[in-house]
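These features come from TrEMBL:
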ACT_SITE  340  active site, proton donor
ACT_SITE  371  active site
ACT_SITE  499  active site
Ligand code: F6P
């Protein structure tokens, strides 16, 4: 079994009508998976039973589940950085010990969770105050994995938010922090500096700006700062008291970190109980992933569908299309999770990959996307597999009809992609309005090729527990795809070069270093900017 077998199957399936696959048996039941109260349907793809068997064999041969058990057990899976990969330990509320270097890490994890809960409660009930009284606003300053998770989840779970307002600042662009702080009262604002390393230039620059802003009004700005970091020496040097520093170990990767201290802003927003429900959702998905047979395993089948589309059929991108507006930041969150994890060109042993790395992931909430880029998805020349998701119920019982309309739109899009509209149907549609050559021309514009693959994830309602399940589902999907590709999904060397060059360019732009070592284009761009005041 090999990648070439998979590609041969994809070639053979090209042009085969997906609708024909529904001809015998109950394909909808056979090509869907349940986990807890969620349903993942992949029947509207061009995968047949033999291809699924091949994919499952490939996963087995790659040792996916052995690697998964090794990950959960704390083995050093992140080989290029010599680290375990244990974000799952952060949500291991009900499981047994997890040993790293002879120590049970769950003891520390639970102690930190308890400290976070104590602090979150104090912020929420007003026993911790700012120098001007009860905390009204929380500003989380962080970037990448120290921003996207909590920012996405705070928005997703807004119906559960009953704490102070949460704001997120990530970009080093002064515009974002200026726009965020404008209108906030420094005396009632808590600033959370979220940075695993506490060296990230964007975060440290914004943290210094926030401290200066606060210092103009309050006597002791550092007393209204908390830090989420693995670098306690650096948080102390910044002046943040250890009682408000929440640490985590190096085996928590940035983009996998929202389950621990990086989730503090979410915990303050929704409260410790709902945060635990979020963790439990993820823990339930972990258990499902470890125990379900491959064909009944949701992360496995989501991943194998992804491998089929990307490495098999050669579709270079995939659209993630959550229909709920509150999941607006999910595509951005998944972009980091998937593309920083599986955007690698060499395998674990340094060899060039035999197949393409992970795909480009992109998307927007459902009906907005329909009025923007779905045109290309339906009638463009490239095939883009779509991953739809929607909840059965919303949180606005008085506006139930709007949620029904939302769900109808979601289902309609996957149906349209599947069946399309033939030239005959298009002709019939336009027959009353045009005739002859003009009818033919007009009809051609209204043809939908159809036969375009999509999957649909359904869940009962966007609760903390469900969000935990969804995020863990995608984490394990990335894991399965990464193991099959033979890559290290847990490092991110590809972000380093740009960081180094930016550091070197700052003094050039400030006129303190010369640009002579730069390429001709960069020199010209620097020159243009300097003449205009950069
Ligand atoms: O973009 C690289 C990266 O290291 C991400 O993986 C990480 O989530 C982000 O930067 C932020 O890092 P830190 O939490 O150390 O500030």
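All positions are counted from 1 along the displayed chain.
A Cβ is built for glycine as well, from the same backbone N, Cα and C atoms used for every other residue.
Because TrEMBL annotations are produced automatically, they should be read as predictions rather than curated entries.
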Fewest-neighbour residue among active-site residues, criterion Cβ within 10 Å, set 371, 499: 371
Neighbourhood of the residue listed as 'active site, proton donor' by C-beta distance under 8 A, where only residues 6 or more apart in the same chain count: 144, 255, 492, 494, 495
The residue listed as 'active site, proton donor': secondary structure state under DSSP, collapsed to three categories: helix
Residue 371 (active site) versus residue 499 (active site) - Cα distance in angstrom: 36
